[in-house]
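Enquirer: Taken from TrEMBL, the feature transmembrane segment applies to 12-31, 43-65, 85-104, 141-165. The domain 'Fatty acid hydroxylase' annotation in TrEMBL covers 92-179.
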Amino acid sequence: MQDFLLNHEMAVRATAFVSVFLIVALAEIIAPRRKGANRLKRWPLNLGMVVLGSLAIRMIVPLIALEAALRAADADIGLFNLVDLPRWVELVAAILLLDLAIYAQHVAFHRIPLLWRIHRMHHSDLMLDATSGIRFHPFEFVLSMLIKVGVVTALGADVVAVIVFEILLNATAMFNHAICTFPKDLTAWCGEFW
């Protein structure tokens, strides 16, 4: 599985991103929570910010999280390279710890005035929808990637965990910002976990 993910990482991530986006966007169209969403005006800007953020990461950050995981494994550095745990424990722990780091980052972006100036672009969208969850200032994309690189290196996180985490992070961001009505049973079930 690791070899497949490494050889097709961009395709896997892009397929997951587009699939989740289409499912959530379709749900917003079929069962909207609010009427009047002007998607044709907002989506190009919001999706354009994703493109700009991705380009900024590629130009400014010489190392992305996936490469950090590969280098940590090659150099035998990071917590999970120093302890002998079952792989599944390392994968789950790495995903949870990366999520905790991004949560701490989110709190910091709300509480530190300079970071809030960057993050408030995410909150300036006039109407929430799936694209709001991925609408960030390019510098926030870069800072977030730098944080992930640091955490991945410190953990010695497995590349599979990094890819799965990135997919889950994008999927949950789009899902959490969706403006669609979900069945009550699904909402209640999700409420048990979140």
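FYI, residue positions are counted from 1 along the chain as it appears here.
Even glycines carry a Cβ here, placed using N, Cα and C.
Automated prediction, rather than curation, is the source of TrEMBL annotations.
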Enquirer: What else in the chain is close to the transmembrane segment (141-165), if you only count residues 6 or more beyond its ends and a Cβ gap under 8 Å?
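Expert: Distant Cβ neighbours of the transmembrane segment (141-165) are 1-2, 5-6, 9, 12-13, 53-54, 56-57, 60-61, 63-66, 68-73, 76-82, 87, 90-91, 93-95, 97-99, 101-102, 105, 115, 118.
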Enquirer: Against which stretches of its own chain does the transmembrane segment (12-31) lie, if we need a Cβ under 8 Å and a gap of at least six residues from its ends?
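Expert: Apart from its flanks, the transmembrane segment (12-31) reaches 5, 37, 39, 129-130, 163, 166-167, 170-171, 174-175, 178-182.
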Enquirer: Going by DSSP, how much of the domain 'Fatty acid hydroxylase' (92-179) is helix, how much is strand and how much is coil, in residues?
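Expert: The breakdown for the domain 'Fatty acid hydroxylase' (92-179) reads 73 helix, 0 strand, 15 coil.
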Enquirer: Within the domain 'Fatty acid hydroxylase' (92-179) only, compute the mean pLDDT.
Expert: 89
